[in-house]
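Per Swiss-Prot, these features apply:
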BINDING   S56, T57, R58, T59, Q83, R107, H134, P135, T136, Q137, C273, L274, R318  carbamoyl phosphate binding site
BINDING   N167, D231, S235, M236  L-ornithine binding site
Amino acid sequence: MKNLRNRSFLTLLDFSRQEVEFLLTLSEDLKRAKYIGTEKPMLKNKNIALLFEKDSTRTRCAFEVAAHDQGAHVTYLGPTGSQMGKKETAKDTARVLGGMYDGIEYRGFSQRTVETLAQYSGVPVWNGLTDEDHPTQVLADFLTAKEVLKKEYADINFTYVGDGRNNVANALMQGAAIMGMNFHLVCPKELNPTEELLNRCERIATENGGNILITDDIDKGVKDSDVIYTDVWVSMGEPDEVWQERLKLLKPYQVNQALLEKTGNPNVIFEHCLPSFHNAETKIGQQIYEKYGISEMEVTDDVFESKASVVFQEAENRMHTIKAVMVATLGEF
């Protein structure tokens, strides 16, 4: 699979089914090698820049540990750590970093920014999250589902419940279409994905033997699901009126025990990209409770802590799948 060498990883839509399967298989191989102590560093003497406009726990740790395991050196540039967007354009930053580093990870706001970095840096660029997409997350989600369910990807009934327009929902729909999955997106009509993205994903799903269903009918949408997935309903910094409207729309779509039972599948698993507002024990969770009287948002605490929940295995797999992306695009095989 040498054709992934020097490729950027900006969106799953840039990759074929065979290429995504290769990345997932490589993730399994690298994970196994790490566990049994036979991992071989394939990124020796590589220098990697982590460019973060948004803070993160999982994405930063996954990239740093993966790079260290593989022998690479990392420079972390946080939200105040570079001049990009303030005194320097993304195009100029790309050319500066591209002259010093062998690869660049970007986590921030605009998909256009990560595309600009890839266009002008001359080195592989990896999308750690934008407002529109989150491709590295989906690799971890799919790997976890396969590990736990013991099913091939095309045999998994994958259901996302919640805000159908957000970056994780977008990325999951893309990935499911590419892998030929049966994918359900259960959300209020007001929060459906864009027609443009939906039409493109439906075409890809048809080509790969998959299926996509968009519905606001919870009973219909979750029936026979193997995976129930959700994400946060709102983002920090959005105005109060947006919060109120979003909470009103999404409250019926909370992932709780009753919703899991509607799947009719006693072995259904629960996934979440994290962090999650499943209780009021965080600063923001407490603020939400005080302002809106809600102690559990997108998922209830009992589901989050249940045997169905695989969120921490999923979080670990961020590291293994991100390692696979870096090795495949930058490594010396």
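Backbone N, Cα and C atoms are what each Cβ position is placed from, and that goes for glycine too.
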Fewest other Cβ within 10 angstroms of its own Cβ, chosen from the binding-site residues R58, N167, S235: S235
D231 (L-ornithine binding site) CB neighbourhood, other CB atoms within 10 A: 22
Cα distance (Å, whole number) from N167 (L-ornithine binding site) to T136 (carbamoyl phosphate binding site): 12
Densest Cβ neighbourhood among S56, Q83, T136 (binding-site residues), 10 Å radius: T136
Distance [Cα-Cα, Å, rounded] between R58 (carbamoyl phosphate binding site) and D231 (L-ornithine binding site): 15
Rounded inter-Cα distance in Å - S56 (carbamoyl phosphate binding site), S235 (L-ornithine binding site): 14
Taking residues S56, T57, R58, T59, Q83, R107, H134, P135, T136, Q137, C273, L274, R318, which bind carbamoyl phosphate in the record, the widest Cα spacing (Å, whole number): 29
